[in-house]
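Features of the protein shown, as given by TrEMBL:
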- Asp34: active site, proton acceptor (ACT_SITE)
- Glu194: active site, proton donor (ACT_SITE)
- 349-527: domain 'Beta-xylosidase C-terminal Concanavalin A-like' (DOMAIN)
- 555-579: region 'Disordered' (REGION)
- 1-18: signal peptide (SIGNAL)
Amino acid sequence: MRLSSGVMLAALAGPAAAANSTYYNPILPGWHSDPSCTQVDGTFYCVTSTFISFPGLPIYASKDLINWKHVSHVWNRESQLPGYSWATPEQQNGMFAATIRYRDGVFYVICEYLNVEDKDSGVLFKSTNPYDDASWSDPVTFPAPKIDPDLFWDDDGKAYVATQGIQLQEMNLDTGAMGPAVPLWNGTGGVWPEGPHIYKRGGYYYLMIAEGGTAEDHAITIARAKSITGPYTPSPNNPILTNRGSQEYFQTVGHGDLFQDAAGNWWGTALATRSGPEYKSYPMGRETVLFPVTWAGDGSDWPILQPVRGKMSGWALPPPTRDVPGDGPFNSDPDVYDFKTKGGAIPRNLVYWRVPREGAFTATEKGLQVVLGRNSLAGLPGGPEPAAKAISFIGRRQTDSLFTFSVDLDFSPKADGQEAGVTAFLTQNANIQLGVVLVEEQPSFRFNVSGQVKTSAVPKGWEGKTVRLEIKMVKPTEYTFSAMLAADEKTRVALGTASAELLSGGSGSFVGTLIGVYATCNGAGEGIDCPAGTPNAYFKRWRYTGDGQYFSETETVPREGKGKGKGMRRKRSMLDSGL
Ligand SMILES: *[C@@H]1O[C@H](CO)[C@@H](O)[C@H](O)[C@H]1NC(C)=O
Ligand SMILES: *[C@@H]1O[C@H](CO)[C@@H](O)[C@H](O)[C@H]1NC(C)=O
Ligand SMILES: *[C@@H]1O[C@H](CO)[C@@H](O)[C@H](O)[C@H]1NC(C)=O
């Protein structure tokens, strides 16, 4: 790929004079932290953090900055990093903030895999086709004592990696050899100067960083120098972006990246949390927001980042389109998955908690066959490695303030402990489960909220029939769980509610809620295996639909064309052309 001549001409002519647009944040709703984005040939590409979930480091592609297609995962094969996943017991280690860049036909994603002992943790992946998982290389690994690597090429072609601190090292992108670390800047005094990105413009090297920690005090600050190694002079306007100390619905704004569109306009992405100043209920965690960027017209040449709000107005967006290559779903699409094709691929937006053991999840004529994991969602018996391999969970990001998720389950537990069901899952320590189990030989529903367990007998006449389990949010602060016969929704029984605060922060302050299914024999058996003869669980008719997206404490994004069919409902609703 190369920049088209149209791109070059538009850039030379300066920003196009099209009317400004309005749009709504977040542009990547659901758990999408630490976004890094770039634009190539009129298409935007972003990568976000995934920690221990797998596949990791999703690539989203868009031509209009609003409709984002999930086109690949950078980390998609166990063999890319043999053993790393299963050697990571902690819930919030793994793939930290990555940077995506493009140069001479190659996409680069650089990241640090945190806390895997005795291995180089810096990882640099390359691809010539980000629409194809297989195109992402095995990584070049490198020693990375600091998180959040950036990647920047200077005019002489030398590649530099800036990391937390903030420090700079030259890097050989073929071998992973690193030069000596040069300290660049400590930031303006906030804790954790991190998430650096370097840009060159008008003879200055701009070093944009995050500081203040990733919670309420988060902020973006910037400094610049005439030489890449410094000395760096901070902007007089720091922090150049933050919602710290504000009453805004969008809090924790920080960890940003800047890029230009094909018309030459500057934009930025950052993470933010839809928590309001109370910062108590935010089950989707840190999401990706978009903001217009201008450069001060007073000759001082510092960037001005437009404050992050739910409804934004700024540069004309490229015309809306879903004409993006690749075969993944758009992030805001509903799920309509039946898993009926034997051996069919698992949809790209469904993820596991670490690399799953081989054969645990298989599409069959009977639906998605899930081999029961020996460990419960919470369990870590037997040390990290078997525990990591023995959790059977698959889920998708909660991408909407309000939603309905349901799935049909065929499962007949034969022994105590055998369980299959649905879960709203933040970490192994914070999740809400509704499962089908045996209690004194009676098939029962078990609703488990933080160890508070409520069981109720499966109604008479349901034995041997397909059961539909449902998780729903009718207000953004509470999950409701229910069950019904798949063949008759009128049989619905409400089985419990749980506060979204249980899935906000705490043991999962870096991650966000996943909605999905699990199956376990709750510790019976040996090693990673449940006892011989343990039945599999079959899930089919997996449905997820967004029912509302809050952009302030009280307002939801207007929805147009509702009912027009799969994936169409938000096509234009995220935009109204601000004429
Ligand atoms: C950062 O702070 C340390 C400790 O105060 C100081 O020694 C160092 O010179 C500072 N680095 C830069 C680049 O200003
Ligand atoms: C259009 O958006 C840009 C970027 O946010 C802003 O600088 C400019 O003032 C806006 N123009 C109008 C007419 O609102
Ligand atoms: C309920 O969930 C907690 C974790 O939240 C777990 O420790 C416990 O074992 C579960 N109880 C049952 C009966 O599954």
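Keep in mind that glycine also has a Cβ here, set from the backbone N, Cα and C atoms.
TrEMBL does not curate its annotations; it predicts them automatically.
Between the listed active-site residues, namely Asp34, Glu194, the fewest other CB atoms within 10 angstroms of a CB are found at Glu194. If you measure from the Cα atom of Asp34 (active site, proton acceptor) to that of Glu194 (active site, proton donor), you get 11 Å. Asp34 (active site, proton acceptor) carries neither a helix nor a strand DSSP state and counts as coil.
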